């Protein structure tokens with residue numbers, strides 16, 4: 001419900017911003033030169049002097065004149081005709097009135113519209129007589145000469161010039177309408193396609209089995225929606241860290257998006273010659289293309305901002321992760337930047353080659369609107385260059401800071417570029433309003449989440465370093481309780497660290513109610529070193545764990561006399577920056593510590609389409625690699641909780657659960673550090689001997705790939721994942737001992753631990769799919785969270801079994817930002 005309220009608020013916010021523009025855009029609320037016959041009459045008389053025109057030695061003050069006049073006025077004219085002069089000059093008013101009547105009657109324009117245009121245009125809004133009162137008693141018979149400079153009596157406008165101007169303004173506005181129309185199409189499709197994708201996921205979850213097994217549906221799922229673009233590489237970066245390849249469905253959508261923008265930039269353009277604005281066809285086409293690419297760049301800039309936000313409503317409705325939307329953000333930004341560059345190049349060429357050579361360019365470049373445009377384009381180009389993957393991976397916080405500064409600079413530059421040039425006359429700023437709205441919406445919601453979930457009591461965090469690893473456990477006590485779901489993550493600020501502005505996303509592993517005092521005491525106990533495998537017996541015990549030997553502090557209960565508090569727990573591997581500072585402080589303190597923190601969240605978890613897939617799955621296999629267990633364990637906990645509640649209640653109570661149909665949940669985890677495995681296995685995963693889980697509904701399969709223990713050991717699952725076939729558990733050589741790893745004795749069919757070998761993903765996925773193939777209506781959902789290589793292998797194997805007709809869906813969480 002909170003998400004739906006947020007989406008509704010977001011829509012109201014956009015409507016409010018759109019209403020603030022008052023006029024809309026060209027063709028949708030703003031008409032540039034309607035009616036054309038009237039505007040052409042005005043233009044035909046705008047270049048002549050009247051009896052009341054005043055003269056000076058030089059007059060270069062053309063600021064504030066309309067765009068069309070600046071396009072074609074002779075800049076050495078020294079005369080100045082004021083609005084009062086136009087309002088009182090009888091030959092001008094009669095000539096203008098007669099031109100409107102004679103031309104607009106032929107075009108079928110009503111008298112009311114003719115009169116309204118006359119009153120508005122004759123003296124720039126100053127009071128003038130009505131059209132009927134201004135008509136000459138005797139129709140004029142003499143026509144203005146082509147290059148006439150004076151209007152001393154009532155005359156007909158030059159017909160050739162009127163026709164040329166009528167065609168010029170008609171085609172120019174026609175082109176401007178296309179700019180807006182194409183921008184609306186691009187934005188509508190970019191927003192609509194994720195919604196359609198979410199609808200597809202939702203429908204596939206609800207489709208009857210016979211329709212899911214239709215050949216077309218199987219082909220779409222196995223050949224287009226699931227596979228990587230090129231064999232297996234998707235979540236892994238390309239060689240030399242050139243970037244990430246989208247999967248086939250994403251690649252298809254991105255290709256459509258790019259081609260659509262190319263086509264919209266290229267067609268349709270029509271040339272009108274003779275033209276009263278442009279001296280030749282090349283100059284005319286340069287203006288059309290420059291304006292088209294400028295407007296489309298603004299629209300794509302707004303999309304890029306929307307796709308980058310944490311509070312993007314499309315994530316909840318589409319089922320796409322933030323990683324997916326960030327991929328679309330990058331491509332939308334690239335397209336916007338290229339269009340801005342083309343816009344700049346075209347107009348530079350226009351001024352350099354078609355308007356008095358370099359002199360015209362330097363004169364125009366000296367104007368504030370022009371150099372604000374240069375600033376915006378330069379900032380966008382720098383933003384693209386500084387967003388390369390190597391920089392993001394090496395110094396993400398530096399990249400993020402530069403990215404935000406350059407984005408603000410490009411938006412500010414774009415705003416002044418159009419505002420100083422057109423003074424909000426033509427609605428070009430509407431696209432920037434939309435971009436500002438997306439950015440403001442995200443920032444306001446983020447600020448609201450920080451304020452709401454951390455006050456009034458504030459948020460404290462207990463931090464401890466897991467023995468023998470560089471993995472940190474963070475237990476936070478937010479100021480307010482929220483309804484946690486598996487798969488969620490939250491951003492955390494650490495105000496007492498050096499870089500207080502930094503915030504980091506952490507997957508929520510566990511949540512519940514506890515007493516801060518008991519938690520602190522038990523957390524301290526957990527760091528006493530009793531789990532460090534420095535003896536043979538402890539090593540063997542951890543390789544063959546007992547389902548009853550568990551530390552209870554991870555299922556805390558409040559102390560007597562102490563109020564229980566809501567907590568969320570995360571595990572993360574310490575890197576550089578804030579997480580490295582935390583690890584350093586823990587090593588120095590040699591004990592767990594409590595620090596102030598702020599949570600911003602929660603985010604993700606159980607979007608509508610994802611919830612539908614899980615609710616209709618009969619079997620679930622959750623694959624985790626390394627620290628990705630934080631994502632997988634939350635789903636295992638939810639399944640165990642629902643299973644225990646189901647046994648204590650009636651079957652009808654399963655209607656509101658996440659796994660109402662799931663008969664078997666398999667957690668497959670590959671990890672290098674034995675210490676991390678020991679801690680998670682004993683403390684953070686549901687106990688299979690409790691809650692009625694010994695009925696094979698929940699199964700664990702573990703692979704410990706490291707052969708040594710010790711702090712700081714690297715997690716090799718973060719490198720390119722390689723699978724090795726293994727039909728039987730193999731011997732594991734550990735210091736001073738050779739151990740044959742087999743299934744656990746007490747729950748023989750429920751837990752399997754293999755050491756010294758990587759997970760055979762093909763065997764894991766195939767085992768579940770073969771089990772499900774015995775029943776035609778069985779559906780399998782595969783969840784994966786881990787290093788890119790593991791995720792890519794899972795995707796490859798899921799697509800492989802899908803081609804065999806297995807009803808399988810994939811939910812991937814990789815955080816490839």
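Just so you know, the numbers here start at 1 and follow the chain as drawn.
Each residue, glycine too, has its Cβ placed from N, Cα and C.
According to TrEMBL, the protein carries these features:
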type	residues	note
COMPBIAS	521-535	compositional bias 'Polar residues'
DOMAIN	437-609	domain 'FAD-binding FR-type'
REGION	521-560	region 'Disordered'
SIGNAL	1-20	signal peptide
TRANSMEM	182-203	transmembrane segment
TRANSMEM	251-269	transmembrane segment
TRANSMEM	289-310	transmembrane segment
TRANSMEM	331-349	transmembrane segment
TRANSMEM	369-391	transmembrane segment
TRANSMEM	398-418	transmembrane segment
TRANSMEM	430-448	transmembrane segment
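Per-residue pLDDT, averaged across the domain 'FAD-binding FR-type' (437-609), gives 76. In this chain, the transmembrane segment (398-418) lies out of contact with the transmembrane segment (182-203); the count of Cβ pairs under 8 Å, excluding pairs fewer than 6 apart in sequence, is fewer than 3. Between the transmembrane segment (331-349) and the listed ranges 289-310, 369-391, 398-418, the one holding the most Cβ pairs under 8 Å is 289-310. Distant neighbours of the transmembrane segment (398-418): 298, 301, 305, 368-370, 372-377, 379-380, 382-383, 386-387, 391-392, 428-429, 432, 435-436, 439; these residues of the same chain sit at least 6 beyond its ends, with a Cβ under 8 Å from one of its Cβ atoms.
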